[in-house]
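To start, the structure itself, in structure tokens.
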Amino acid sequence: MSLLAVGLNHRTAPTSLLELAAVSADDAPKVLHDLVGADHLSEAVLLSTCNRTEIYAEVETFHGGLADISDQLSRVCGVPLTDLASHLYVHHEARAVSHLFSVVCGLDSMLVGETQILGQVRAAFRLAQAAEVTSGTLANLFQTALRVGKRAHTETSIDAAGASIVSVGVRMAAFDLQARRPDMLVAPVASPGCDPGDAVEALLRPELTAPVEVAGPAPLAGARVLIIGAGAVGSLAAQTVRRAGAGDVVVANRTAARAARVADLHDARAVGLAEIAHEVGRADLVISSTGASGLVVGHDAVRASLAGRGARPLVFLDLALPRDIDPAVRELPGVTLIDIEALRVALDGAQVAHDVEAVRALVTTEVAGFLDRRRAERVAPTVVALRAHAAAVVRDELERLRTRLPDLDNREWDMVSGTVRRVVDKLLHAPTVRVQQLAEAPGGDSYAEALRELFDLPRDVPAIVSAPDLDLVERT
């Protein structure tokens, strides 16, 4: 049995395909039961969010498990496997563990360090438990992953990494608008006369987890903001501009329900993608983060939207990879484009890189620890079987000896039987301890196999070791 993870995400598939691959909580149990009902899977967990659909499984064989999972994903998407295959990624054993740990820590998210994924992984695991399709290996894996995710967010500042990109982008946009639109500086929050730059610095610093009271003008006071995309980045952008004092905030998304959900959270209006051209014409700031495979806003469309606008400046903040906004819009009068490249220059990347590297180091350590424990657990049933076999031999031989030495009193018999047991324990101590040590190395399973062969141990030993049986292992 081995671990296998197969899926597609915002890096490997366009939004249209991710939407087809999405599985609701109501439909997930059937998908899970279909998976474990296949020939090569014994356990499964389905993680489906707006940016990824992934299946984690314990499989009997790699190729058989891969075929079963790929076929299921093809059925979910309604896309032939020949068309879907190029968008899938496959992780086996250690890489599957590392991938899950990276996902739950937010390293694989569009918005690096976002915490929403931790709750989504927890929900996926609970759903699999409720469907009774995971118990042993995957239960252990996901429980460990959730613990690792909590460590990442409590022991590092990874939460601020993605938030910094959004906040710095909004800060740059606010500076640009303030420089070209003095009329925006009309909404004092507390004390008049505060430098607008100080207000922006105070309001839009990376710590976005709690509201911040700001003295001075709101940096986006009265600004009309259009946000294209309703994922984690879009939602954070809506939160950020609201706290910066934006006036009318509009959320546009290809999925109306998702746009409405984000809009409701941040006192905004929801519109469809068809209304983008109209809303661009009204906006002072446009923030885009759709994850689309091509441009969402083109040069000609923006030029048409600017008609009748006069001298009012327009700022585009493109937070998408690949880019959403046509770079040629920079050529249009009154238009400023701030993209990822500009943000990388403006953002102090040293701390962000430090936080990401700290989490990667944590993931590496936790993956190694998980794999070591897993290899040791695989050996434990063999050690239990060996000690149980030895105990049975000792018991039978002592019973035979008792019939041959009937004149021994209880004290003498205790001495004899105790000596025999100690001799057997000492003989078994070195090989059982050593096989557990060797099991922690790559290929360690072969040593347990050799032990079974040498002592002719049964192969149907339990995969899950009971508490009394663990005593036999710990005695080594």
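Glycine is treated like the rest: Cβ placed from N, Cα and C.
Residues or ranges marked as substrate binding site by Swiss-Prot on the basis of sequence analysis: THR49, CYS50, ASN51, ARG52, SER109, GLU114, THR115, GLN116, GLN120. Here Swiss-Prot flags CYS50 as active site, nucleophile. Marked as site 'Important for activity' by Swiss-Prot: HIS99. Positions annotated as NADP(+) binding site by Swiss-Prot: GLY229, ALA230, GLY231, ALA232, VAL233, GLY234.
The number of other CB atoms found within 10 A of the CB of ALA232 (NADP(+) binding site), across every protein chain shown, is 23.
Under DSSP, THR49 (substrate binding site) is assigned to a strand (E or B) in the three-state scheme. Counting every protein chain shown, the number of other Cβ atoms lying within 10 Å of the Cβ of CYS50 (active site, nucleophile) is 20.
Taking the centre of the Cβ atoms of GLY229, ALA230, GLY231, ALA232, VAL233, GLY234 as the NADP(+) site, the nearby residues of that chain (Cβ within 8 Å, site residues left out) are CYS50, MET110, LEU111, ILE227, SER235, LEU236, ALA237, ASN253, VAL262, SER289, THR290, GLY291. Using CA atoms as reference points, the binding-site residues THR49, THR115, GLN120 were checked against GLY231 (NADP(+) binding site), and the closest is THR49. Between GLN120 (substrate binding site) and the residue listed as 'active site, nucleophile', the C-alpha separation comes to 11 Å. Neighbours of ASN51 (substrate binding site) among the recorded positions HIS99, GLY229, ALA230, ALA232, VAL233, GLY234, defined as a Cα within 10 Å of its Cα, are ALA232.
Of all the binding-site residues listed here (THR49, ASN51, SER109, GLN120), the one with the fewest other CB atoms within 10 A of its own CB is GLN120. Note on proximity: among THR49, CYS50, HIS99, SER109, the recorded positions of the record, the Cα nearest ALA230 (NADP(+) binding site) is that of CYS50. Spanning the listed substrate site, residues THR49, CYS50, ASN51, ARG52, SER109, GLU114, THR115, GLN116, GLN120 have a farthest Cα to Cα distance of 15 Å.
Candidates THR49, CYS50, HIS99 (recorded positions) were compared with ALA232 (NADP(+) binding site); those inside 10 Å Cα-Cα are CYS50.
Long-range neighbours of GLY229 (NADP(+) binding site) (same chain, six or more residues apart, CB within less than 8 Å of its CB): ALA252, ASN253, SER288, SER289, THR290, GLY291, ALA320, ASP324.
Long-range Cβ contacts of THR115 (substrate binding site) within its own chain (separation 6+, distance under 8 Å): GLY106, HIS153, ASP159. In the three-state DSSP scheme, GLN120 (substrate binding site) is classed as helix.
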